[in-house]
Amino acid sequence: MPECWDGEHDIETPYGLLHVVIRGSPKGNRPAILTYHDVGLNHKLCFNTLFNLEDMQEITKHFVVCHVDAPGQQVGASQFPQGYQFPSMEQLATMLPNVVQHFGFKYVIGIGVGAGAYVLAKFALIFPDLVEGLVLMNIDPNGKGWIDWAATKLSGLTSTLPDTVLSHLFSQEELVNNTELVQSYRQQISSVVNQANLQLFWNMYNSRRDLDINRPGTVPNAKTLRCPVMLVVGDNAPAEDGVVECNSKLDPTTTTFLKMADSGGLPQVTQPGKLTEAFKYFLQGMGYIAHLKDRRLSGGAVPSASMTRLARSRTASLTSASSVDGSRPQPCTHSDSSEGMGQVNHTMEVSC
């Protein structure tokens, strides 16, 4: 991979071009951070608030960041021709190895929201050796049946596409109150994302199949995510039930479940600081950025109790050579707490 690929790229895949934006340059053998946005959004609408945060930039300067836009969802995308077949959710996942290979990434840490979380989970199931860890926000592991399909069709007859998408993105309370954030996203979804292309992506997401994962030991030959996973959802978010169910199907020794209060449907937009703090501890638990300075701690602030628990659940010794030289570390799943908590072998649910 060249010294720096910073900027926009169109990557050829078996299912068409994929728009990708690279920020930064490779850092030794460290994984790339790869993001995938939710339906109705693109990488800018979904992740700009989070990745523009100063504390997040303190983290991402240690990695190359790769933002992936689903086909036809990027700013200024041309409308697909009549009869274009939008890739299935599984096909979207199988497009990602082309991105990884194009830039020479050895493996990635994925951050996905909603539909993007589903795509990244599918990617990790099909290509487990390419995925080092996953942060999955608002993921729904369940497929959509005929009843769901009919309900979606009916909703489409009585609501505009942007309003239908908003009901997927935001909590009922946010929609009823018609918050400034909801108004802003209604306007941007209507004007920034090509509506015909969005309709195709929306239809495909609502035709998805079950992820078909099960917690190890619950069924013979259970298939589940093998990498460390941090699940994130806001209180009363539309995806809350789906994320809870996903949590029940993952390996509890490598899964952290973060339920965020007062964050609504888009925690990466409404609570980017808390999410960044959790992400930092998640990375440290995998053996990365051990010596990252917390800007707020130098001013006398202390981490929230919930984040301290998250750190204890995800972090072991952070002074290993792997944290310094960028070689691939082994996921850490035990505590370094002085309180004698011992090995953590259960899902850590944290509310903050």
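Any Cβ shown, glycine's included, is placed from N, Cα and C.
Residue with Swiss-Prot feature phosphoserine, selected from Ser78, Ser159, Ser317, Ser322: Ser317. Record check of Ser298, Ser327, Ser337 in Swiss-Prot: the feature phosphoserine is attached to Ser298.
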